[in-house]
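A short write-up of the structure that comes next.
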Amino acid sequence: MFSIPSFVAPTKRILIIAIVVGIIAGIGSLLFFEGLKWGTAFFMGYLLQYTYPQEGQTVTEISQWSGPHSLTLLIPILCFGSLLTGILVTRFAPEAEGHGTDAAIKAFHGEGKIRRRIPLLKALTAILTISTGGSAGREGPSAQISAGFGSLVAELLHLTPAERRIALTTGIGAGIGTIFKAPLGGAILAAEVLYTRDFESEAIVPAFLASIIGYSIFGLFEGYSPIFILTSQWWTISQIPMFILLGILCAGFGHLYIFTFYGTRDIFSKYFKQNNLPAFLKPVSGAILLGIIVIVLARLFPDGEMLGLASMGSSYGYTQLMFYSMVPLSVLILLPFMKIIATSLTLGSGGSGGVFAPGLTIGAAIGGALGTILHIFYPTYVPIESVPVFVVVGMISLFGAVANAPIAVLMMVVEMVGSVTILVPAMAAVAVSNLLTGENTIFRQQVQTKAQSGAHRGEYDRETLEGIHVKDAMSLADNVITLSPGDQACLAKKFMAETEHTGYPVLDQKRLVGIVTNHDMRKSLIHEELSQTIRDIMTTHLHVVTPESTLEDALVLMVTHSINHLPVVDRESSDHLVGFLTRTDILKAYSRNSHGCRHIF
């Protein structure tokens, strides 16, 4: 099997990884995209007789859209896709269930490995889910598919664990950047989406290169024009307060999106588990409920059919309609709620797809509704030309907040609409929505910082401990129980039973002369010598630290000598006890300073 020779410089190794991953991600994303197009054309166009709107269509082209002649086949089509998805997922790849980005993030923080079968199975299940009408997007599948390719490349090239994770992350960026024609945003997303409060800087440059290569291959067949057509980009500084208001609204809907999504998933899982129902039928139940809702909406009010249809699939065609101001206000107001419900039913029940496209549609509808309402009441303040800008800003602020990736989503949407003029209002809105959303995230596998990531285990343990002094973690001598050499050994046993502490310093006239631990006590019990004194059983060969020592120094001593306690002595006098340090003290200090708790011993 081919591998990169060990003598190749690290930078050149990363270059090779980026090129290989970029080529594979570009080809894989293209095949996945074509599968989605053909699947949707067959199920929605041919079987359902639905002339659906598509992103990137001109006003003339998109005006030709029309609903199905009959919704009779809607539920059977939804059930067909969800049934096959359920069978494939439960039988061959449970990790292909739901939105794939979380699975890719989990793999990065874990061993950095994705099973070989996942790219193909994720592509098949996502195509089945989305093309038959399930509410989901292509971002999650693209991320997991390309991350799987990155993992495969790492395996074939015999890469190191660190290089394997770079290959995986590079795959995420290349896959997303390619299929959305947003190479810059995709590369940044790969580095930003892994954490809620950090950035994987090591992956950014190779992700740039891989994303560009993948985008170039994809564009040869699908063109290089932006996904959406944005006809108007007019806004003024005086509208900034309204964009901030939009950010506040998006934060509220972001919380609702996350709560409903995971709440629905828990309900489905609990119900099927309690009633011992076959797991492969779970996606079917969600599909049936979605189909019923869409059919009922179509019969409730004139715009109900459009509302129901807009909640299905990726909804990008309806987002394009919003840019042209061709969506009724009633649909704009209700669509955020309906899209949240539809996505939760589809993915929460075990369907396969992404949460990015639904998130963009939810945000677009919120922005479109606010912009339209402002135009109706204040036409000079918000002219009709400004409404599309509200749509774009809504897309950015909603998903940028729930994904905890404001910078990446900002850049991605800018590339998707082909305009940088909306950056200022978008920055204002996404900053507000991100702050209000906090660390509540749609990607539950994100960790706060690198310090909590398995990918950086060891590296950040040491760095964190080197930054903390013993004096900041130890118990002061005045608060420590001490023993005297003349005390009976049974006194130490009594203290251990009462306090659950496993070690005590021994002082002779305030001078440190030894230490008694549970290990010393066990030796006494073996020899039935509890009648002896502390002097007889204590350890006199002491390992000590000073208040100025670092916790890294202390931990090295503990690990080297297999001990759990260290007396802390004055730097000028090695027998003057000033404190006491245990492994538990180190763990607590580490947890406080790294905002998380992991095994460091």
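Positions of Cβ are set from backbone N, Cα and C atoms, glycine also.
Positions annotated as domain 'CBS' by TrEMBL: 474-533, 538-597. Taken from TrEMBL, the feature transmembrane segment covers 14-33, 71-89, 166-191, 203-221, 242-263, 283-301, 321-342, 354-377, 389-410, 416-436.
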Range from 203-221, 389-410, 416-436 with the greatest count of C-beta pairs under 8 A to the transmembrane segment (242-263): 416-436
Counts by DSSP class (helix H/G/I, strand E/B, coil) across the domain 'CBS' (474-533): 23 helix, 18 strand, 19 coil
Positions on the same chain near the transmembrane segment (203-221), where near means CB under 8 A and six or more residues out: 14-15, 17-19, 21-23, 25-27, 29-30, 33, 146, 165-166, 169-175, 177-179, 181, 183-184, 186-188, 190-191
Folded-back contacts onto the transmembrane segment (354-377), same chain, C-beta under 8 angstroms, at least six residues removed: 99-101, 126, 135-143, 176, 242, 245-246, 249-250, 253, 257, 261, 310, 314-316, 318-319, 322, 325, 327, 329, 331-333, 335-336, 339-340, 342-343, 347, 383-384, 386-399, 402-403, 413, 442
Reported mean pLDDT - the domain 'CBS' (538-597): 86
